[in-house]
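**Q** Quick one: structure below, then a few questions.
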Amino acid sequence: MAGSNGIASQDWAGRYDHIDQILNTPGPRTSPAFMAGDGVKDFLRNQAKILVIGAGGLGCEILANLALTGFKDIHVIDMDTIDISNLNRQFLFRPKDVGQPKATVAAEFIMKRVPGIKVTPYFGKIQDKDDEYYMQFNLVICGLDSVEARRWINATLVNLVDPENLESLKPLIDGGTEGFKGQARVILPTITSCYECSLDMLNKPTAFPICTIANTPRLPEHCIEWASVLEWPRVHRDKKMDTDDPDHINWLYTVASARAREFKIEGVTWSLTQGVVKNIIPAIASTNAIIAAACCNEAFKIATSSAAFLNNYFMLIGTEGVYSYTFEHEKRDDCPVCGGESLEMSIGPEITVEELIDMLTEKQDIQIKKPSLSSGSIQIYLQAPPQLEAITRPNLQKKVSELLPTGGEVTVTASTLPFNLSLNITYK
Amino acid sequence: MIKIWSMKKNEDAAAKKKPKVSAAQIRVQKDLTELDLPATMQTNFPDPADLLNFILTITPDEGMYKGGAFVFSFAINSNYPHDPPKVKCTQTIYHPNVDLEGNVCLNILREDWKPVLNLNSVMVGLQYLFLEPNADDPLNKEAAVEMSKARDQFLSNVKSSMRGANIKGVQYANVLVR
Ligand SMILES: [Zn+2]
């Protein structure tokens, strides 16, 4: 294909022969939008811009897969630095890289190893970046181990969707692994079930009853939790425990070991201590490889329209044999991120908060009783608890226009609403 | 790139733009404004603008802890409701399920927490500890042993601890309702 329209100018002959088998001709399952041949190749190799969040166990695999598939403009964000314990599976890192930012080292490695690929690293938090930053990508792939970070990016991409701007809808492909288990899913923000919709499906971290930890420890983990949950706050009071600080882990290890001796429990080690307090589930390289492959496969299908993509949740259980299950996780009407409803309300500038509440309760279609209203950090009117009701009550007589600029968003909750409602207020 | 927007035809796209409020914030607003507490429980917000940190006072109207006012601090983090609220008793009290540091043994605060539970469930659970202390899940072991082995002594310890007595070298807080 070399040079036919300049796409492959830096690619040697036959570089993408294996991929081109898929891209050159439509198949029975390709969508009508599929532009077989140069069109799709040009998009994949010259236009698509993809963001990878996380450059750890999953991230290393994802970056390598994407680069070898032919994505050429890849960005990667990770806030961590390389630890020696990462080296067994995070194969873009070498002993000399310990202490360096994962994003930077991973980007350099890929660029060196796979010619013609641009990987732009950012060493920092996803929360440092604004909407404009996320807007530049066609696709986002997450290989994260943090629920909180996933909730954040999910909500950010759902909020980014602007019905007036088709480009604002960024498919989110989320991979996750825990030991021999893993999942890959495709989220089309506002269209399909989002990460928040499935929050209660998550395995929660193992927590031991606090009374077991306090009185009847039987496992080394009980001794470590005793040190971190009960002894740390008792001895250090308000000083926060930093699980990345080796001195803190040392202290916990010493205290947990003494406790273990007292109860004749074996198995408290420094690395177990770190593992328990950081809630580390042993990462399995092959699980990461499978999940990363599933994610990148979806990225490729979505970017090229060459085949139907995952709808929408793939689950892998490799604890006993290999079991996988694919299903459509349903969107939740009461999801605080993608569910709920939004109402445009155009009101007179003289309308008071109380009148606005009356207007809402009179709306037949939403059946709302006793709504509570806030906007960002401003509490407009809360029905309960009594103290907050009393504090916000004077607002009832105020004009909405005194409290909110035009275009202001109001979050409405009420016990009669299974979802939350948001109002976009403009003034007549 | 797949034509995702064509999938959206049947949806009311214009009505989906959401405000920039975190899911945790919406959930806390929903939980708090829908609290349905009996007169024996009261919340207090030291900083009313901060919904994530507040105080709950429980004044049992029956049982052995009747007459006391027990004060708990609640701290909710931005990963709520994935993470449970952190709850501590702010006083030194004599109770089998509360240790002298204020840690509370209530299953739904830890191992049995689920995002479908809410602040109301936690508060009701806390109040239940004062109506039915549970010697099988002790955090204050001495109190638990006393409760199961010498009930009369336990009851009298409860009464005197609530008045601010010193029992076996531990100075308890006077929690009597004034
Ligand atoms: Zn959702």
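For all residues, glycine too, the Cβ spot is worked out from N, Cα and C.
Whatever TrEMBL says is automated annotation, not expert-curated.
Grabbed the feature section from TrEMBL, which reads as follows:
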type	residues	note
ACT_SITE	B:Cys105	active site, glycyl thioester intermediate
DOMAIN	B:23-167	domain 'UBC core'
**Q** Go ahead and report the DSSP secondary structure tallies for the domain 'UBC core' (B:23-167): helix first, then strand, then coil.
**A** 48 helix, 27 strand, 70 coil
**Q** Under 8 Å Cβ-Cβ from the residue listed as 'active site, glycyl thioester intermediate', six or more apart in the same chain: what's there?
**A** B:Asn97, B:Val98, B:Asn134, B:Asp137, B:Pro138, B:Leu139
**Q** What is the average pLDDT across the domain 'UBC core' (B:23-167)?
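**A** The average pLDDT of the model in the domain 'UBC core' (B:23-167) works out to 94.
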